[in-house]
Every structure is written in structure tokens, then in C-alpha cells.
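This report refers to the structure that appears directly beneath it.
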Amino acid sequence: MTFNPETGKLYIQDVTLRVGMHAILHMYGTESVRTIAKALDDAGVDAIEVSHGDGLNGTSFNYGFGAHTDWEWIEAAADVIKNAVLTTLLVPGIGTVEELRRAYALGVRSVRVATHCTEADVAKQHIGIARDLGMDVSGFLMMSHMIDAEALAQQALLMESYGAHCVYVTDSGGALDMDGVRDRLRAYDRVLKPETQRGIHAHHNLSLGVANSIVAAQEGAVRIDASLAGMGAGAGNAPLEVFVAAADRKGWNHGCDVMALMDAAEDIIRPLQDRPVRVDRETLSLGYAGVYSSFLRHAEKAAEQYGLDTREILIELGKRRMVGGQEDMIVDVALDLVSARAA
């Protein structure tokens, strides 16, 4: 373990303006981005991530079209951020090194390079170029619940070897419990250098986002992802104001104003939600089935279109071990379920 929350300062990475895009179908207006980014910056978070929900260049028929371009969102945030590090996310194959360079030119100084948990090797070029640009770089191993701890650690080792300053346990499905988080971070400790930071990206589908983040910090994760009011895919991410309040009670140094975060969550974020970000029968099914949280809104749309229960689709997606990037298969699964019902 390389970090101790009892003695060190946590690095609070807000994801409201990236993962939170999924919750409102990538429809943040630029004025909302300014308002949210300023509130987060004023409240003392260390970093603010901004992009389409699926990362740079994510706007598409497959993932959903954004209300604005990544550049318009990033520029809006950059206009008001004075202290926090402006961050973005890039999924190789969706975003390219050209998008990365443009983001850097607009003021982005930290990037999370995200791959499926078994595909770290596709991140080599992007991590290397980000390092060449002088950026802070994290490796982001999505759907970390889908392989065991030792296998995940080997993927983390690859990301470290490419130059990542930090490697995350990324619980995209909100399917990990505290033991799963603990096991994965301990496996990281067995293979990663002490100077390589660890991070946790939790989702709240089983209502464990905050608990998993606390356990992660206790196991050496210094970078904690969270979002205002949990704004994010599925049941959302670890709610930022809740995590900070819990960390406060433990006496941990997080550098944030918990009351300001509460106000931002309640006054700014909740009114933007066209669908409540919460644990309900659909979002719980994501964690139960181990399904990519971003599939929620796509599955709800398909269920309505074909007269199905959203849970049926999500459970079947889990059985088929579908992963991020296979959003186009959700309709195929729905049609298969309709055919099976008619048979």
C-alpha cells in the first residue's frame, strides 16, 4: 500500500461533467457546464473531468449525440476553473491522439486513457503521447469486475509500463463489493511500483459506491472519483458530497467544502435530471447482472420500443457479457427476446 488516508491527502476527481453526461443523454448546455465547474472549483475538488460521456469524440449514433462538441464543453469549463486540474477521458478507438492534442491545446492537463479491463495494450500509444505532451495520465481499466484480481493487476502493470502515473480499479458496472475492491487493490500492490498511484471509480448500482471508495482509500487508492448527487450512468457514481462527508467523519484530508458540495448537488444538479439518478429496479439490475452502467438509457429505450421489461434486456446483456462499445447490440438482444417470447 502506497497511500494512507490517515496521513496523506486524498485526490478528489469529479466526474459530474463526463460520466454525468450519460444521465441526461449528453445534453449539458455550456452555461450549465460553467456553473457546475465553477461550483466544483470553488468547493475545492482537485480535478474536474469534462467530455462526452464516452470520452473525447464520443458523440455518435452508437453512443448518443451531444448537445455540444467536446471542445465547447471543455472551453466552457476552462473559462471558470481557477484551481482544479482540467481533465478529460479518452477511449482508444473512439478518441484519437489528434483529439488528445486538441484537448491539451484547450487547457486539459490530465487524461484518463480508458480500455476494457482485458485490453490495456491498446492504450500504449495514447498514454505515451499524453506523457510526451507533459500531461498527468491515468490508466482506466473499465468493467474491472469481469476478471479476477490477479489478471486485472497484470493489465494495470501494462498501463504502468506505458507511463501511466496512476491506474484505476474502474467498477463500470457497479458490480463490485468491498471484498472485490480490496482484492484488486492488494493485487495491484503486489505488482505495481510504490510510486504509481492507485485510483477507484465506483458506481452506485448496488448502493456500495461510497463504501467501496472508502475501502479503496484504506487500501491505498489516493484518487477517488465521485460526482455531485451521484450524477452518472446507471444509479450514478459515488455521490461526491456523501463521500466527502464520510471522509470528514473519519478525519481524512480531502480539501473540499462539504456544505458547498451539498448545495451544488441539491441546487444545481438534481434539477437537471430528466430521470432520477438513483437505485431503482432498473439500475439495481445493472449491478446485479454486472452490466455496463451506460447501457441503462439505451436499454430503457429499447424496452419501450419493443414492449419489454428493461430488466429482461439488462439481465440478458449480463449473460452475454456485453461490454462498453457494444451499445448497438442492445436492440439485437431486445429483438432476440421478442422472438423467443413469440416462439
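Every residue number used here counts from 1 along the chain in the order it is shown.
Including glycine, each Cβ sits where the backbone N, Cα and C put it.
For reference, Swiss-Prot has these:
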type	residues	note
ACT_SITE	HIS22	active site, proton acceptor
BINDING	SER172, HIS201, TYR292	substrate binding site
BINDING	HIS201, HIS203	Mn(2+) binding site
DOMAIN	10-262	domain 'Pyruvate carboxyltransferase'
SITE	ARG18	site 'Transition state stabilizer'
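Averaged across the domain 'Pyruvate carboxyltransferase' (10-262), pLDDT in this predicted model comes to 97.
Taken residue by residue with DSSP, the residue listed as 'active site, proton acceptor' is part of a helix. In this structure, SER172 (substrate binding site) belongs to neither helix nor strand by DSSP; it is coil.
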